[in-house]
Amino acid sequence: MSNICDANKMKHRFRGYFPVVIDVETAGFNSQTDALLEIAVTMLKMDDEGVLAIDKTLHFHIEPFEGANLEPEALAFNGIDPTNPLRGAVSEKVAFLEIFKQVKKAQKAADCHRSIIVAHNAAFDHGFVSKAIERCELKRSPFHPFATFDTATLAGLAIGHTVLAKACKMAGIDFNNSEAHSALYDTERTAELFCYIVNRWKALGGWPMPVESTDDSDEKATRTADKTAERTEDMETAGSETRVNSETTS
């Protein structure tokens, strides 16, 4: 019974990672040159039964960084006017300092050791988030430097569709196309979709994983393996940051 209760905790569900759902709206496809214009970040919670749900969402309109490229086609697609003062936009640094603060607080409360980005076609969002953090010269990001949970891939496996709107509808999640391409709306729909997939997998018996028997030596071996994996990740992260710094200075 205690093993099942432990498995229903967030810290054990995703190998110590705290899932954070993110969506960005941008002025193009190039994370290095094109402006980040809007970001929403949804944090999740897990109840005592191991059911995943939305907790709270942060939302920021972002000022284009100095020298940022603004592709007219991208602006026409998402309907964002970067010059509109009513947007209440803030700098990338202001937004990410608050995001870091809130994510780290939630991560700690869940007893997780790192956060991992969840997004639909996650490579795109992860790329823009990583570049913005790099431009702001922010250290100790809570987010894993390369690992993500991609709901497009997960939905393709679990539901049979990779398009966000269609996957949501197939999962019984309301989706209004007229509100799409707002970071706030898309993030919360993506979060609902991720929760649906995780919770359905559990309901079908996929989690917790069946364990035949566990003795003290098994537990010690598992703890040792986890510590080794964490040290390896720290080394990978350090190597990644070193490469970024090297590229920046070269």
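Just so it is clear, glycine is given a Cβ too, placed from its N, Cα and C backbone atoms.
Taken from TrEMBL as is:
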type	residues	note
DOMAIN	18-203	domain 'Exonuclease'
BINDING	ASP23	Mg(2+) 1 binding site
BINDING	ASP23, GLU25, HIS181, ASP186	Mg(2+) 2 binding site
SITE	PHE29	site 'Important for substrate binding and specificity'
SITE	PHE77	site 'Important for substrate binding and specificity'
SITE	PHE124	site 'Important for substrate binding and specificity'
SITE	PHE146	site 'Important for substrate binding and specificity'
ACT_SITE	HIS181	active site, proton donor/acceptor
REGION	209-250	region 'Disordered'
COMPBIAS	219-234	compositional bias 'Basic and acidic residues'
COMPBIAS	239-250	compositional bias 'Polar residues'
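Location within the structure of each feature annotated in TrEMBL.
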residue	record	Cβ contacts under 8 Å, 6 or more apart
ASP23	Mg(2+) 1 binding site	ILE39, ALA40, ALA119, HIS120, ASP125, ALA183, LEU184, ASP186, THR187, THR190
GLU25	Mg(2+) 2 binding site	LEU37, GLU38, ILE39, ASN78, ILE80, HIS181, SER182, ALA183
PHE29	site 'Important for substrate binding and specificity'	GLU71, ALA74, PHE124
PHE77	site 'Important for substrate binding and specificity'	HIS181
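The average per-residue pLDDT of the prediction over the domain 'Exonuclease' (18-203) is 98, rounded to a whole number. The residues near the Mg(2+) 2 site, meaning same-chain residues not in ASP23, GLU25, HIS181, ASP186 whose C-beta sits within 8 angstroms of the mean position of the site's C-beta atoms, are VAL24, GLU38, ALA40, ASN78, ALA180, SER182, ALA183, LEU184, TYR185, THR187, in sequence order. Of all the recorded sites listed (PHE124, PHE146), PHE124 sits in the most crowded Cβ setting, with the most other Cβ atoms within 10 Å.
Residue environment of ASP186 (Mg(2+) 2 binding site) contains 25 other Cβ atoms, counted within 10 Å of its Cβ in all protein chains.
Classification of PHE124 (site 'Important for substrate binding and specificity') by DSSP places it within a helix.
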